[in-house]
Structure formats: C-alpha cells, structure tokens
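Q: Have a look at this one.
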Amino acid sequence: MTAPPDDCLARNEWICGAYLSTRREILVDAVIQHLQLTAAAVAIALVLAVPLALAARRWRWAAGPVLGLTTILYTIPSLAMFSLLLPVYGLSAALVVAGLVLYSLTLLVRNILAGLRAVPEETRQAARGMGYGPLRLLLAVELPLALPAAMAGLRIATVSAVSLVTVGAIVGHGGLGNLIYSGMNTYFKAQVLTASVLCVIIAVAADLLLLGAGRLLTPWTRRRA
Amino acid sequence: MNTLADTWSWLTTATHWSGPDGVWHRLGEHLFLTGVCLLISCLIALPVALVLGHLGRGGALAVNLSNIGRAVPTFAVLVLLLLTPIGTYGQWPTIIALVLFAVPPLLTNAYVGMREVDRDVVRAARGMGMTGRQMLLGVELPLALPLVLTGVRIAAVQLVATATLAALAGGGGLGRIITAGFNLASTPQVVAGAILVAVFALLVESLFEAGQRLVPRRGREAA
C-alpha cells in the first residue's frame, strides 16, 4: 500500500500549481476551442451585420424590422437560444456558434448603423462632388467614418461572446465552460477557478486587442482627442 | 418539422404543467428568483448611483464596472460560489451571482441619467435654496427617472434570461425544464422549455416597455 500523494490536487485546493502542470494539454485544448468558437461566431456575425445595417440605412422601412428582430433575438436567454437551435444543428459546435452569432447581431447592427448615420451629410456631398460613385463613397468614406462606432460594438460583442461560450457546456461544446461544468460535478476547485480565470483573461485580452486594432485603423480619431 | 409537432404536444400535455417539476412551479421559482435578485440589486446599485451622480463623482467606476461585468461569465461565478462554503446555503450562490450580474447596468444607467440632468435646472434649484437632499429627490431623480428605469428594465430582462443558468448548477427555475430535457435526451422537452423561457423573457421586456411609457407622461403632467 502506497500512501496517497499529499499535494494540492489531493487536498482539492483552489489554487494549484500541480493542476496547471499535469492538465496543461486539457487546458490548452479548451482555450483553443474557446477561441475558435468566439472567433467564428463574431466573424460570421460581422459578415451578416454589415449588409443588414446598410439595408436598414438605405431603406427606411427596413430599419424597424431589422432592429426589432435582432433585439428580440438578444432578449432570448442563452441557454434557451442554444436549446431552440438544437433541432436544426444537433449537439454540435455549430449550434453554439449559431447561437452566439444571433446574440452578436444586435450589438453589431446597432453600432454599425449608428456609425453610418453619424457620417455628416456635407462629407457625403463633398465626396459625391469629387466624383465618388455610390460604391466608392461607401467603401472609402462612409465605412471608415463609421469604424469607431462599429469597433465599439465589436468589442462589446466579442467580450460577451467569450463569456457566453461557457454556456455551450450544456451541449458539450463550451470551451473552458466544459471544464467549469465538469469541475462543478466533481467538486474540482482548481479546475473551476483556473478555467474561470482563463475566461476572464481571454475576454480582457480580446478587448485590448480590438482596442489596439481600432486605434491602428482609425489614426485620425487620435489626433482629435 | 416533426420536432415542432412533438414540442407542441409536450406543451399541451397537462401533466407537464403540474407537480414540483411542472411548468407552473418552475415559472414561480423563476419569477421569485428574478424578483428577489432585482430587488436586492436595485437596493444596492440605485442609492450608490444616485448619490455618486448627485456628487458628480465615480463616473469611471460606473463605466468600468459595467465593462468588467460583461467579461466575467455568470456561469463561472455561479459555479465558483457553489464550491465555496456559501454553496451549502440553498439559493444563495445563485442569488449572489445574479445580483453581481445585474448591478453594473443599473449603476451605469442611473449614474448617466443623473449626470444628464440639465445643469441649469440643478443650479436654479440650488439658487432657490434647496438642500442637497431636496435637490436629489425633488429635482434630479424625477428628471433622471426615464434613464434609471431603462437600467431597471435592462437588468430585469437580463436577470430573467440569466436565471436560466441556475439550472445548470442544480438550481430551480424554467432552465430546469431544459436541463432535464437534455438529461432525458428529449429534444421536444428541451425546445418546449426554451420556448417557455424565451416567451417569458419577451413578456417581461414588453411589460417594462409598456410601464415605462406611462412614466414620462405622468412626469409631464406633474410639471
């Protein structure tokens, strides 16, 4: 009979170095899954949100339904959203991504639309006077000017998505949420705390990254401030 | 569309609505949980926000707290609390996690509402010899009320939505129907639960919206 090892894992402590070193692969896998789910969801949401926002600004009648529908989607609880999509996607990562896309849409559409609407009419007329066609006006003038507001929405959407991915644990695709969920069932303190802290670190890092990217993309806003 | 028919038959089966696992009981739990948490978070956040807004201090605190609140997964907080000694006291982990989640939007909206009150009106009130308390309660609060109530509405809807997560940690509420459905591998029950939660959340949203529409009108009549 060998005596059971007396380390922090055996004592089930909150902070445990042995946990980090023995489960490194599990943690890295979970972080990668977490990042993949978040990135895929935000990217798809962005691709959908831009045309929706453009349509809402172009046609007055489209604004009400677009904003109303995305807001309703935002009100649906995350756990319910993942469950509602269950018959469509089954127990897959696509289910979590689809749910997160629907969430991010509200934040992105609203902010992009606000940014587009804030472009001064004189600026638009000046560009038109310089011979800019509708497409060039959009790409070279309006979208860049809407960028700060859009980036603000993107930051909120990304940070929320990082924290909502954890709920995906209910279908087994929750990134770090899986570790929190299984840690809860086995009363594994170190695993729950480590996974939770990693979630927050990812969220903060993503926020800072987007903040930096926004500053690089819109150098003109810095001079004004 | 077989799932849809199955979901409908789940929802229309009377036995699913009664008993301790039934919809009515879970709805009651959900309502109770949301109500208690909303009350506690209002009692914590509103006085702080109103006083800070009146004094014009702590703006950075209000905004940063709101941002941090978004980054911390409620599910993680819930599980962390569950594993601490607090976890042995019934509903408390859920209530604490939900209150932590609801305080930031309340605080931010109430603070911004107080700061956006016309400074001339505040100065006029001071000129009339009003004390700080009279100004806060008689002038600033009524004018800030629409934004304060928007914060309460956002908090309430988010609480309804987030209270479903309690079920993941073994708590009660409508989320329990969904998690039980997962455990039974019964897709119709999962979808039925999801529809119930979604409808409930949308109902609360529209109730608050209707209530909010009444408030400024009353304010205008009084003015």
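Each Cβ is built from the backbone N, Cα and C atoms, and glycine gets one as well.
Nobody curates TrEMBL annotations by hand; they come from automatic prediction.
Per TrEMBL, domain 'ABC transmembrane type-1' is recorded for B:27-208. Taken from TrEMBL, the feature transmembrane segment applies to B:31-55, B:67-86, B:92-114, B:135-156, B:190-208.
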Q: Among B:67-86, B:92-114, B:135-156, B:190-208, point out the range having the most Cβ pairs under 8 angstroms from the transmembrane segment (B:31-55).
A: B:92-114
Q: Cβ under 8 Å to the transmembrane segment (B:92-114), counting only same-chain residues 6 or more beyond its ends: which ones?
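A: Here the qualifying positions are 33, 36-38, 40-42, 44-46, 48-50, 52-54, 58-59, 62-63, 65-66, 68-70, 72, 74, 77-78, 81-82, 84, 86, 140-141, 144-148, 150-152, 154-155, 158-159, 162-163, 166, 169, 171.
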Q: In the same chain, which residue numbers or ranges, 6 or more beyond the ends of the transmembrane segment (B:135-156), come under 8 angstroms Cβ to Cβ?
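A: Sequence-distant neighbours of the transmembrane segment (B:135-156): 34, 38, 41-42, 46, 50-51, 53-54, 102, 105-110, 112-114, 116-118, 121-122, 125-126, 204-205, 208-209, 211-212, 215-216, 219, 222.
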